[in-house]
Amino acid sequence: MPAYRPPHIASSEITPKSFYLSRRNFLGTAAGLAAIGLAGREAIAAPLSAKPGAYKLDEKLTPLDAVTSYNNFYEFGVGKSDPKENSGKFKPTPWTVKVDGLVSKPQEFGIEELMKYPLEERTYRMRCVEGWSMVIPWIGFPLSALLDKVEPLGSAKYVSFETVVRPEEMPGQSGLFQPLSWPYVEGLRLDEARHPLTILAVGLYGETLPNQNGAPIRLVVPWKYGFKGIKSIMRISLVEKQPETTWKNSNAREYGFYSNVNPHVDHPRWSQATEQRIGEGGFFGTQNRPTLMFNGYDDVASLYTGLDLKANY
């Protein structure tokens, strides 16, 4: 991944938390569904209604402009600004998510159906493997709720996820030389996927997901590095063996399957002991802060009892 460079954010572009919280009271699910239903058009941010989730943070939110303009989404290009600049032609509707594999009831879910799940707002830390972080108010629902619908078989041990392949709409997927193999694939153990912290997000900052942030639906696993949060999901499969994930296949020495946030296991090319929080600039720019084990979500530690987290990075 490219080296980290903190973005410049004009003060006029920063969404104050107080404004966001007051505006959220006027948001409605109907408007969100209406925008999702605009088939064949560019994604239009629309308000969503969500109940407050059980997981909250008493930390400053990352400015909305930074969340939507400083992204890794290689399907639109490898630069941090590429996803915002190059995703205008991407069509997040119509959209279906196929859930298959080792399940009793394989199904396809339209995005309109998924948007009708009881939505929660979850404010999570997001830690990128590159050494920077954000605090983002996501809107979504537990992945376990979707898995319950399809009834995984006893032989299912892992969950595999795939991003859509549309080179005509995603310029990072076209061209002779590709940075990665497509489709983008990620995976979790089934117990990780079922953990209450793991969600499928359909919005952020009170509105539907922008294209550059993974519209119309993406994975959020807050105790893992950000690249595990696969975007624009079109297929979820229950499988018996560990999925062959994209970054691990690209460079297994640098990107492991688990990729839990761990300040004690460095990336081969940089330390993971500290991070730079986007949007928190001091006199000398963005300041370093200590990285927390599991990104501060200690209740997942029991998932890895007896597992060597250095060998299984």
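Heads up, the Cβ atoms here are built off N, Cα and C, so glycines get one too.
Listed in Swiss-Prot for this protein:
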type	residues	note
SIGNAL	1-45	signal peptide
BINDING	Asn71, Tyr74, Glu75, Cys128, Thr163, Asn213, Arg218, Gly229, Ile230, Lys231	Mo-molybdopterin binding site
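Projection of Swiss-Prot feature records onto the structure.
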residue : record                        : Cβ contacts under 8 Å, 6 or more apart
Asn71   : Mo-molybdopterin binding site : Lys80, Pro83, Lys84, Gln212, Asn213
Glu75   : Mo-molybdopterin binding site : Thr163, Met170, Gly172, Gln173, Trp182, Tyr184, Lys231, Ser232
Arg218  : Mo-molybdopterin binding site : Leu200, Ala201, Leu209, Gly229, Ile230, Lys231, Ser232, Ile233
Students should find that the Cβ of Ile230 (Mo-molybdopterin binding site) has, within 10 Å, a number of other Cβ atoms equal to 25
Which secondary structure state does DSSP assign to Ile230 (Mo-molybdopterin binding site), in the simple three-class scheme? coil
Reading the DSSP string in three states, the entry for Asn71 (Mo-molybdopterin binding site) is coil
Give the helix, strand or coil assignment DSSP yields for Thr163 (Mo-molybdopterin binding site). strand
What is the biggest Cα to Cα gap, in Å, among Asn71, Tyr74, Glu75, Cys128, Thr163, Asn213, Arg218, Gly229, Ile230, Lys231, the residues listed as binding Mo-molybdopterin? 19
